[in-house]
Structures are given as C-alpha cells and as structure tokens.
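Below is one structure; the comments refer to it alone.
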C-alpha cells in the first residue's frame, strides 16, 4: 500500500463503522435510578448544580454543628469513621471565603491553627507529664492475653517506695528503693527528652518557613507557616513545600497545569499532574487579589485522593475534585509559580489526619515473658503471705514475751506482709525491661550497619531500615511468608518484550519491529490498520507525563513502570507521545505531528484493573481505547461481527496464554468506534456523575462501565519483569528452614505458576493442587468445598508437602464458605500461589492464616497495594521499590531487595532471639538468686523483717554490680558463626520448636537460682552460727554475715552468667571483671564513712576472718560445680544441633577434622 499519502484516521473502513451500542432510554433511566438511589440517604436532595453537603445553608455559613443522619455513609467513610482512626472535628465544615473582607468571617468559624505541634512536652509540663506517662496504668491486650507492661511494674515499685516511707513497716531506708526506680525513670526521661527535642526542631523548621500571601491590590506579604489561615491566597514557587491543603487557582504553565511530587505523602517520587479550573486560571494577579468567592467543601477526612467541593463565584458555581487540590507536604516541581487558596489547615489537613501511630505489635517472647513475670509476682505474694502467717504465729507464742508485741498477731502479720513485699521485691527483675529495650535498639542498629544488607556496601543510604526494635526476636520464629511478586521477587524493570497485534506476534519491541511493519509496503491494509491503531492506543491511553530536557529529548514519568514501558515501546514504534494539555494530547506519528482532543479519561484503579480514553481525531472521528487485565477486558469484548475479528480474537487469546507460559506480564488492548450520538448521550451521564458531590467515584465508575462495553480486541502486550538477583536461592533456603512461602499476585495463573518454577517455589516432583471456581456451578461455594475436601483426603495420608494454586475469585468463596477446610488444605502445603488477588484479599488471606494457625506470619511487598497485607501480618517487611516507598513506610523493617530477607531472618533474627533469651534468663536468675536469700533469712530472724544486706548494696545490686553482663551478652553473644547458619538451615527451624524459651527453661534457671541462694545462705549461716570471735574480741553479727553473703552471691551470679556465655570477646570478659571490681570499690567506699555506723568498717573486718575466705571458696564450688557438671553432660551426651556444629567448626579451624565431612 502507499504509505506516503497515509492520513491517520480513528475510523476503520468497512463494517467496523457500524460498531457501537446506542444507549437506550431504558438504560439511561436505569443509570439515573441507580444514582438517585445512591443519593437517597443524603441530608438533602438537590439538583446537580447545587451543593449537597448540608441541608441548612445557615449552619454552613456559621460553622455550627448538627447531629449526623444515619444515611450519610459516604461522609462517614470520608471522615474516617469507617476508615482511619481520627475523630472528625466537624459535623458540618464551614464555607471558606477568600478575599480580604470576607476572610474575617473565616476566623470566627474557629478553623484550627496551622501551627505544627508534634511535641509531647514543654519546659513547664515535662516532669509532671513524664511521671504521669511513666506510671499511667496501661494494659496491652492481644486477643485474650493481658500483658504486664513496664508501666505496671513501675507502679508496683512505686508502691514499694511508698511502703519504705512507713517506719513501722520499712526494714530499710527509703532511698534504697527510690534510687533504682529513679534511675529507670531517668533513663526513660533522657530518651523521651531526646526524641522530643528532635520533634521540636522539626516543628520549628516547618512553623517558621515563610510563604507569600496575596493581599488586596496585588501586594504580597511574607507570613510564617504557623500564622497562615484558611482562606489565604498563597503565591507558591517551584520547589516550595505546601504548608496546608490548597485549592489550585492559577499556574504559570499553559492549560492550568501544575506538577507536584508527593514523596512525603505516599513515597512516590514520580511527578503527578494537577490542574486548575479554566475560570480562575484565566485571571491575572490583580483579579485574583480582588476575587470574591466561596468554597463549599466536604468535611476533612484522611483520604488523599478524594475531594468533593464547589467553588462559587457570584452566581456561578464550579465542581471541584482532587485534581484541583494540592495537599500539605507535596512539593511544587517543574512549575515556576502557582496561586492557591487554603481550604484545610493545621489538624484538618489530610496529611495531619493520616498521621497516626502504627499498629502495636508484640513478639512471642514478650508475651511469654509477661506470663512468667506474672507468675513470679504470684510466687512472691505467696511467699510474703506465708511469712506473714508464720510471723503472726511466732508472735502469738506466749513464751516470747520479750518481743513485746503491742499490736497482736493479726496486725503483726499484716505489717510483716508489707515488709516482705519490699524485701522480696528483688525477685522481680525491675531492670529487665529497660535492659531489653536498650539491647533491642542496639540489635536494630546492627541490622542497619550491616554492609551485607546494602546494595552498595560503602553507601549507608542503600542499607535496610529498622522502624521498630520490638520484633527483632520475632524474626527468628517466622512460619509463614506472604510475598508480593512484582517489585518484590522481580526487579520491577519493565521491558516491552513482545506483543500480538491483529493475530500476529511481534518481538524486539524496543527495536522498532512494529515501525518496520508499518513501513513495509507488503503489509496488508487490515494489518496496517491494526498495528497503527494498536500503537496509537499505547501512545494515548495512559497517565504518563512527558518531559523535554535541555537536549530536546523526551523523558517519561509514570506511576506504573508498565505504562512507562508501553509508552516507550510506542515511541520506538514511531508513535511519540509529546505531552498532554487541558483537553488534548499531542503525538508524533511516523514523523507527523498530531493533536487529539481528549473527550474523557477513565483512569486506572486496582478495582477497575483497566484504563480507557475517549478521543476525537482531526477527522472528527471518536474512538475509545482501553487496556487492562484479561480478567476485566475479556468480559467487555463484544460480538465478533467479521471473520477477521474472530480470527484476531482467537489468535490473541492463544498468544496471551503463550506469553503467560513464558512468565510475562500481559495486558489486552481494545477499541470501540463511537458515533457522535452515542458519545453525547453517554457524556451527559458522565458529566452528571462528575459534578455530583455524593458518591461521585461510585457514580463515575458505573457510567464508565456503560461505555466500556462491546470492545474489539486489537492485540495484547507482553512485558518482561526479570527476577531479582538471589531470589531462587533465597526461597529455596527459606523452605529448607521450615517456612511456608506464599506468593500472592495479581498476575494470571499460568504466569504465576511459571514464576513459581523460576523462583524454586515449585518443583516438578511436588504434587500440585490447583483449585479454580466452576463458573457454571449453581452453588460455587459448595463446589469449592468439595474440591478442597477431596484434595485433603487425597494428600493427607502421603505426608508429602504439596503446593496449592488458587485464584482470587476462588479465594473469595473459600474464605467465605469453607474457611476451615481451606486452612486444613494449607496445612499440607509448603508453598502456595494466589493469583488474580486484590489488595484487600491479600490482607484477608494473611489474617485467615494468622488467626487459624497462631504462628508467626511475615508479609513482604514493595507497593501501596501491599500495605494492608504488611500491616495485617505479625511482621511487615517493605522493599524500597520503584513504585514508591509506601510499603517501606508502613512496614516494621524495610530492606532493599528480597534476597536480604534470608540474612535478616536467619542471622539477625536468630542472633536477636538468642541474645534476648540470654538477657531474660540471666535477669530472672540473678534477681531470684539474690532476693530469695531474704526468704531463707526470715526463718533465722524470727520473721522480723530484718534485712540481711546493706541498704546501699541493695540499691547498687541491679543497676551497677550485675547489670553489665546481661546487657552486653544480649548485644554481642553468638552461638555459631554466620557461615554455619547459612550451611545448616535446620538451625533456624530449631528455634520454632519452643524448646529454647518456655516455662521449663525458666524453671531450670529458677531452680538453679533457688539452689544457689540456699547454698549461699546455708554456708554463711553454718560459718556464723557459733559467732566466730575476731581479733579484739568482737564476735560476728548480722552485718558481717551480710558482707559475706553479698560478696558471695555477686561472685556466684557473675560466674554463673560466665558459664552460660558461649561466645567470648574482650568486652564480655571485661564486663565480668569490671562488675565485681565495682562491687569491691563500692563496698569499700560505703564502709569508710563513720556517718554510716551500721556498716562502718565491716568490709575491712570481715576479710580478716579466715572463715570468710573459706566460705567464699566453699560456696562458689558448691554452687557452680553442679552447673558445670550438668553443662558437660548435656554437651557430650544430649547436645543441641548448634553445639555439634560449633564443635565441628572448632575442629575444622584446628585442622583436626576433614572438610569433606557431610554437613549436618
């Protein structure tokens, strides 16, 4: 054919001219009825040209509140009652006036200040508010489990401090209990002050950033952000950050365009296009300064991309939507200047309404520890009650008249109870929570400092981000992993690899294969028409922004990498998208510049899974182009009216399956020729839906579906998204660690299966259970239940792990009608693939498995559609992806690529678990070993409440003498090297058995502590029962006995902790020596002052007694010899896996074992 005289036409020759379904009056009436039904429950029925947010204009004007009617569902959703956590400030949002005179009316309506205030404290309320926060009784409830918190423990110790101020009850000076509590509060106060100062600095920077406010007469006044008010007209320049939610009035660019970057809102760095309405953009600066207008807005809500309002200028009114709203936090880009009026300020801005605390998550170790702490509390109260009863009985004995009991046995028992509440309070590890908090922060920093967790080892900015440290140990207990595919397992670098057009497959799309086809004179007219229309659809049906650089080259920015790849493919095929303006798009088609009028642009959403555009060409023909997923597009394909159309349809479906088998991402491209009459009828409904304030998005979607029917397939695209480096090895390792991996994606089933094989999630030897809904079944739920039960019966007996493959529609019915059967099936699976799944279904799947299995679930993703899944899981992992950082922001831990998950779980997670475990065990042990000596001493002291220890030594035991070893153990210890963990994935699986931390392990440490305290007390009691006589004739007393007990118990505790450390370094060894050295120095200092006569010179006296040194040696040997023997027996006869591997590595390092031995 002759291509020189080619003129692009949107109308195909031949029978296709007759295509297009006319909207009948019945259909139009049905659509109107549906929209009327949506608006039935609104406060006041109005015509489309009237505002519909309130039924009382006077209340709008004055900003009064009114009771919300139950039918205002859309407002409830928008205001956050059904989404989000904020409480709406307004029942009816007042009208916003902008001009100097009417602006005064805005101030009377009590709009919130624009001042940013994220600080918790100020210099006047810091101390009282801090103390209130520290002692406020907060109970964390997770399911039915109630957790003891640090606050509750501090309440208990505050009560203990109060007890020490009662002379009749307190056995010690008040400072003894006050100093440890004050120390813990001081540590918390320093942390709170540091965080609050950082918040204040950030607030100050934002509050005092100056902005230009347009005044009457065109003058501009510089105003700090904190003083801006609703109704102010701002003059904003390029790179300015928006201080409030601003309605765009005028821009420097043609066609009212303004480009913004929303990275602070949603993490997306690509530019987005906003547009002012034509009526205000046509005004000059002086006109704007004198402009009198009113904006009628919906009440503030946290939905970023939803905004319904009406601008009233005199008698005229104009509908506004989110395209005219610049949100607080966005940055002006590629636009020299803009004007806009503030509509939402301060706490009413959408950014402020979205700033809420992330969901609280607690690790399994924390929950188990809380139960154990509760058990120790109960044990302590039982001991106190026992001693109180014995004290009453002891005092009731008439033979002990010398005790001169003035109050009687009952009162004595009560006072004794409170006395021993203090003395035995040392059984409670007061410093444990603070120690754990510090160690978890260090562990999180180790993750961020790890060079192997970076894409560039020398650049810290390419590393991971630990947004929480509470779940460090939970990383070692993961059983289920739920992963997104695109951008998580793949690189999200989309390459337009091939396509099918007119029933013909074309490859090498980025080398101009379609362009060559159109230039080939042997190409038939029909195929030329298909190819040219296919490429034209790719160049026009999108939301890509074209930017021309200094060299005149066009660069594309898009929210979706797929769209960018397709537009670039069109560019290489000779159809260059040059830019879009208000109501038009400009392209260059095979060297000829073309401009198309955009009649309607139906954008892509995850619910629609397609995007469409209606354009009018230079020949006045009207065509709808649409592209989207096959699940949505195929049901909108019309009847094939020619043989060619049938052949193209059949070939396209076949090629679609072939592309999916190759693991490529596919989209269907279709068109529909519209007559002027059909378009005008539809456009009237479209305009009506677009100007509605109530249920606007729902109404627009319904109207769009009316025109997106009777489509004709032009072809389909296939985009390659390569796997990230290391993904197959990572998934294989995770499966070997005993985890169950689920890939949840929106791709076609065959594409997802092929990705499963490529990632080693699926293996050919593994039985596969594919469950798809029978669309012809009368009761699909029962059909699915039958298939699931049959699969369970078939595979439950074999014991071989299976792979489950299921699509989104089937999941919907499975979770709704046969949830238990579905969970039972997944019990048999080590891998699962869920395809064609929506974002909400992702979260629903995670929630179902988490609640049913009660095991640790981890979700990982990179996009905004993964946020709900990430937040639903016990642990959320975000990947810094090309689709923005929404997933990373919503996550608990953010990593650069999927392969880093292997190290995060197996190395950092495992080490954190073992370190925290050591810290908990050691703290429980040292407190019980020290505190229970007072219980034994009570029987020797006649239940008098006499303390065996010096007051100052009591204060220093937890915070000075024994605090460093548990702290440093939880930071530095390792059981095996990292290489051994990688070689032996079973080490990770061992932690999930629950044998490392449970009532049994804590019980063994408790028995050891009770035994040690008994040995220490008995050795000391036997040495002092006959009151040894010292030089000068002085005999032993309780204070000398206390000196021996204190010296011995601290030594035994430090040595016991040393025996439990399997990884030694200089820091850990030094902490042991330093701790005992601090005790010796502290004891000497305490005994030097005559002002403390009780302990004066006691330490110097006791060391002169030979029995002191004998007792130290005997007590240490009797305490630790059984522990050492038990450890040797366990290591040699009942070793754990890590012990075997550690010894094997030591022998290898010494050259005493051949490296060819089989790996454990």
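Glycine is no exception: its Cβ is also placed from the backbone N, Cα and C atoms.
What TrEMBL records for 1-72 is region 'Disordered'. Feature annotation from TrEMBL assigns compositional bias 'Polar residues' to 19-29. If you look up TrEMBL, you'll see 30-43 marked as compositional bias 'Basic and acidic residues'. The annotation domain 'P-type ATPase N-terminal' is assigned in TrEMBL to 101-141. The transmembrane segment annotation in TrEMBL covers 146-166, 172-190, 372-394, 406-428, 924-943, 955-973, 1002-1024, 1044-1064, 1076-1096, 1108-1129. Annotation source TrEMBL lists active site, 4-aspartylphosphate intermediate at 484. Annotation comment: TrEMBL describes 888-1135 as domain 'P-type ATPase C-terminal'.
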CB within-chain contacts under 8 A for residue 484 (active site, 4-aspartylphosphate intermediate), separation at least 6:
743, 744, 745, 842, 860, 861, 862, 863, 865, 866, 869
The transmembrane segment (172-190) and the transmembrane segment (1108-1129) contact flag, 3+ Cβ pairs under 8 angstroms:
no
So, does the transmembrane segment (406-428) come close enough to the transmembrane segment (1108-1129) to give 3+ Cβ pairs below 8 Å, pairs being at least 6 apart in sequence?
no
Taking all residues of the domain 'P-type ATPase C-terminal' (888-1135) together, what is their mean pLDDT?
88
